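These notes concern the structure reproduced below.
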Amino acid sequence: MVDLIVGLQWGDEGKGKIVDLVAKNYDIVIRSQGGHNAGHTVVVDGKKYALHLLPSGVLNPNATNVIGNGVVVYPKQLIKEIRSFEHNIKEKLLISDKAHMILDHHIAIDQAREKLRGKNAIGTTGRGIGPAYADKIARVGVRMGELRNIPKLIEKLVHYYEMNKGYFDYLGIEIPSISKLEEELKEYKQELGSLITNTTQYLWDNMDKNMLLEGAQATLLDIDHGTYPYVTSSNTIASGALTGSGIAPKNLNKVIGIAKAYATRVGNGPFPTEDDGKAGDKIREQGGEYGTTTGRPRRCGWFDVVAARYAVTLNGCDEVAVMKLDVLDGFDKVKVCVGYEIDGEKIDYFPSELDDVKPVYVELDGWDGSVHVTKWEDLPKNAQKYIEFIEEKIGTKIKYVSTGAERNATVIR
C-alpha cells in the first residue's frame, strides 16, 4: 500500500509535520524529487530538526528511508544531515543509484545565472537544482551509482568541463582541479557508497509493506503546472512522485494534500492573495515565516480557494491537512479568496498567467484560542466555520488541522 503526501501551495506548508505524524504507520518513507532547496522542519519532544534531503521518516526508528531516482542529491549536504543525528541513521537509509548528483559547478552556475538575470531574477535558492536537472535532461548528468567507478567518472567530468569551458569562462566559474575532484568524489563514496542501490527494485520487492511517498516543494511550483517560470525544476505533483520513485499508479492508495490556513511564497513570482500590509506582517511574525533553507522572510497572504481547488484536482487528493491554523488567532476578520478578476471579468479557475489577476475575497469572523487544541469540538466555533468553509469550497475532506508546531498539536477529524 502506497500513500502520498503533497503540498498544495508554494511550499513550506508543513508537510514534514504530517509525515512525522503518520510515519509511524509506514514501513518505508520515500523522497521522490527535488533537492536540498527543499527545507522542512520537524519538532519532536521540543527538539527541532531541519531536513533538506533526508525523508522525514528518519525520525521514526522503525522506518526505512529512501531517496528516490527523481531526487538531485548534493552529497555534501546529505553527509552533513546524516552527521547531525546523534544516532546512526545509515542503517535505515537507501539512495537510488539513478538519482542525479549536484556538484559544486551546478551551484556556481545557478548563482551566476541568477545574478546575470538582474531584475528578471527568478528567486532561485542558488542550490544548483536547475542546472543539475538541466544536465539530466541533456543526458550529461552524473548519477549516484557512478561513484562505484571513480576513475571512469573523473574521465567523464573532465570531458564535460572541456565541452563547457567557454560557458564556464563566460560565467566566471573556475573549473576544479582533478586532484580536488578526486578527493571529493572519494569522500562521497566513502560516506554514501554503502547506501547506494537500486531503490526501484527494493520498492517493488516490498510492495506488501506500507509506504509513504513524501513530496518536496509543492503543486504551484511544478515545472509544468505551476506559475512558470517562477517554479522549481521538477514535477512536484502526485504523478511526479511516482516517476521519481518507480512506483506504478495502480499501487497508489491515497493522496493527502497539505495546505496552510493562509498562504506564503518565497522568492519572486505572482501571488494573488499576498498582503504586504499589517495583516501580512502579523501572519509572518506569528507564523515564523522565514525560509528553512535560505532564512529569507516569506511573502504572506490569505488562503486562496481557487489555487487550492486546482491543486487538489491536479493531485487527485483524497483528504487534506490544513496547517498552522493557530497563526490566525487574534484576527478580527480573516479573508478567503473565492475567485479571481481579470480585466473586469470574474473567473473561478486557475489560469496559466497570474500577473493581472486580482483576488475576490469573502470575509469571515476571526477567533482566539486554537493553539494546541487536539479535539475538533474544542476549537473556537469561528475556527470550525473557517475550516468547514474551505472544505466546502475545495470539495475534499479536511482530515487534519494543525494547531501548533508539536506533533501532537493536531486535530484529526
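Every residue, even glycine, has its Cβ placed from backbone N, Cα and C.
Swiss-Prot names Asp12, Glu13, Gly14, Lys15, Asn37, Ala38, Gly39, His40, Thr125, Arg139, Gln217, Arg296 for binding IMP. Of Thr232, Thr313, the residue it gives for the same site is Thr232. If you take the Cα of Thr125 (IMP binding site) and the Cα of Gly14 (GTP binding site), they are about 19 angstrom apart, rounded to a whole number. Rounded to a whole number, the distance between the Cα atoms of Asp12 (active site, proton acceptor) and Asn37 (IMP binding site) is 11 Å. Farthest C-alpha pair in the IMP-binding residues Asp12, Glu13, Gly14, Lys15, Asn37, Ala38, Gly39, His40, Thr125, Arg139, Gln217, Thr232, Arg296: 34 Å apart.
Distances between the Cα of Arg298 (substrate binding site) and those of the recorded positions Asp12, Lys17, Gly39 are shortest for Asp12.
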